[in-house]
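If you check Swiss-Prot, you get these features:
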- HIS72, ASP105, GLU173: Zn(2+) 1 binding site (BINDING)
- ASP74: active site (ACT_SITE)
- ASP105, GLU145, HIS362: Zn(2+) 2 binding site (BINDING)
- GLU144: active site, proton acceptor (ACT_SITE)
Amino acid sequence: MGNDALSIARDLIRCPSVTPADAGALGVLEPLLKNAGFDVHRITFSEPGVADIDNLYARIGSGRPHIAFAGHTDVVPPGDEAAWTRGAFSGDVVDGFLYGRGAVDMKGGVACGVAAALDYLAAHGGRPGKDGSGSISFLITGDEEDIAVNGTVKLLQWAAARGEKFDHCVLGEPSNVEELGDCIKIGRRGSQSGTLYVDGVQGHVAYPHRASNPIPEIAALITALVSEPLDQGSSQFQPSNLEFTSVDVGNPAANVIPGQARARFNIRFNDHHDQQSLRALVEARVAGASGNRVRTRIVWEPSNADVFLTEPGPFTDLVAAAVEDVTGRRPELSTGGGTSDARFIKDYCPVIEFGLVGRTMHQIDERVPIADLEKLTRVYRGVLDRYFA
């Protein structure tokens, strides 16, 4: 087992850790960190009705400043493994690329973070900081790709109960769009899902006057909701976006007018809203568009994905400088994309996301250039050098 990012990433990929299975992935990291002097804890979290999940927390040092690296070792299913040109869990290296599920999202990023920390410690007498007074920690979960209830959110609670305090965190999600160094995520839009219901009156299609068809009504409401923007965006965020994802009536009969129609939707919202104000806005628009013609209601799904922003400042400047030093490009500070575990971390310390290029994540033949693994390791090492300077 090597200490370089490629060796660590290959060992991780060879563990088929599709959520909720760990499949030995955390066991790859534990001895590497222990041998470097980290105090390592393996914690299993439980929740009724869902699978138990293994997590790992490791820390070296006891003082401040304290920087954490966060990530996950679980992966999405590989899909049709026969469609892969290399085994989905082979960790094969071909023509300068490392293949396998998780190569990009995000076993490669975890491997680079660990390799950078080990390299930094080897060069500084095994202690973080110029005088050994700082701390480096790792927050690694196996529950990010699924419902994320037994992962980072509970690992942070567990750490806080122990008295752990973090000053800053780097989350190694694949933040870059086209090339390594093009983007640092400094925030994320919130996410809220719901289902719009329109009640009609079921009846025979030959006697429409005895029924009330909810389909034209829900179609009109969908048009009304998507035709007017929720907002125009803000200085750090793009406009909020409402997307309908399904429309259903549950009616297999061609001669029956359905009694109810429903449409499911998701909203990615910016810092003009919180969940309460967003729900009120959508409900008001539905009420205004429907009038007294039909009965409507919205059932909102629980959400733990609030909008957040890590304000640009010394920490974002430090990370951007480390990125530019390695890649030669100054990264954009972005809040685009979907949700991540940063939504939990932001309640404990400022957090940014910087990792690999996400072009092939969740795809058949997911792969990462070996050169990018080497560069990302150097970026993370540069972050540590600057952080403890």
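Note: Cβ is positioned from N, Cα and C throughout, glycine not excepted.
Neighbours of HIS72 (Zn(2+) 1 binding site), defined as other CB atoms within 10 A of its CB across all chains, total 30.
Taking the centroid of the Cβ atoms of HIS72, ASP105, GLU173 as the Zn(2+) 1 site, the other same-chain residues with Cβ within 8 Å of it are GLY71, MET106, GLY109, GLU144, GLU145, GLY172, PRO174, SER340, GLY355, MET361. The two recorded residues the residue listed as 'active site, proton acceptor' and HIS362 (Zn(2+) 2 binding site) have their Cα atoms spaced 13 Å from each other. Residue pair HIS72 (Zn(2+) 1 binding site) / GLU145 (Zn(2+) 2 binding site) shows a Cα separation of 8 Å. Its own atom aside, the Cβ of ASP105 (Zn(2+) 1 binding site) has 26 Cβ atoms within 10 angstroms in the protein chains shown. Listed recorded positions: ASP74, GLU144, GLU145. The one with the lowest count of other Cβ atoms within 10 Å of its Cβ is GLU145.
Within the set of recorded positions ASP74, ASP105, GLU173, the entry lying nearest in space to HIS362 (Zn(2+) 2 binding site) is ASP105 (CA atoms). In this structure, HIS72 (Zn(2+) 1 binding site) is part of a beta strand by DSSP. The local packing around HIS362 (Zn(2+) 2 binding site), expressed as other Cβ atoms within 10 Å of its Cβ over all shown chains, amounts to 15.
In this structure, the C-alpha atom of ASP105 (Zn(2+) 1 binding site) lies 9 angstrom from that of ASP74 (active site). The CA atom of GLU173 (Zn(2+) 1 binding site) is located 12 Å away from the CA atom of ASP74 (active site). Separation of the C-alpha atoms of GLU145 (Zn(2+) 2 binding site) and the residue listed as 'active site': 7 Å, rounded to the nearest whole number.
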